[in-house]
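**Q** Per Swiss-Prot, the features are:
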TOPO_DOM  1-8  topological domain 'Extracellular'
DISULFID  Cys7-Cys88  disulfide bond
TRANSMEM  9-30  transmembrane segment
TOPO_DOM  31-51  topological domain 'Cytoplasmic'
TRANSMEM  52-76  transmembrane segment
TOPO_DOM  77-99  topological domain 'Extracellular'
Amino acid sequence: PFGAEMCKLVPFIQKASVGITVLSLCALSIDRYRAVASWSRIKGIGIPKWTAVEIVLIWVVSVVLAVPEAIGFDMITMDYKGSYLRICLLHPVQKTAFM
């Protein structure tokens, strides 16, 4: 009932949020390892430039990896017991050579 825009937007947001979560946990694990392995180098309070770069990089990589979801999903009309239903699926035949 929401159309092709929502059909493409929901899988895109799902994939992007999973990517952001996984990459953030990886970055957190690396940061905690560095803090434990070299505890004498812990600096003062604040957000270092490298941390800000990591956060931006995590978001950019996650969004870029989620783009194929937005491209591939589409509203498909299917015949089911004599009635036609429009459902949101990964399109079985892609229109571009990308996928």
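Heads up, residue numbers simply count up from 1 along the chain you see.
Quick reminder: no glycine exception, Cβ is built from N, Cα and C everywhere.
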**Q** Please indicate, using numbers and ranges, the residues of the same chain that are 6 or more beyond the topological domain 'Extracellular' (1-8) and have a C-beta under 8 Å from a C-beta there.
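**A** Hits for the topological domain 'Extracellular' (1-8): 69-71, 73-75, 88.
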**Q** Looking only at the topological domain 'Cytoplasmic' (31-51), what is the mean pLDDT?
**A** 73
**Q** Restricting to the chain of Cys88 (disulfide bond) and a gap of 6 or more, list residues whose Cβ falls under 8 Å of its Cβ, or answer none.
**A** Met6, Cys7, Val10, Phe73, Asp74, Met75, Ile76
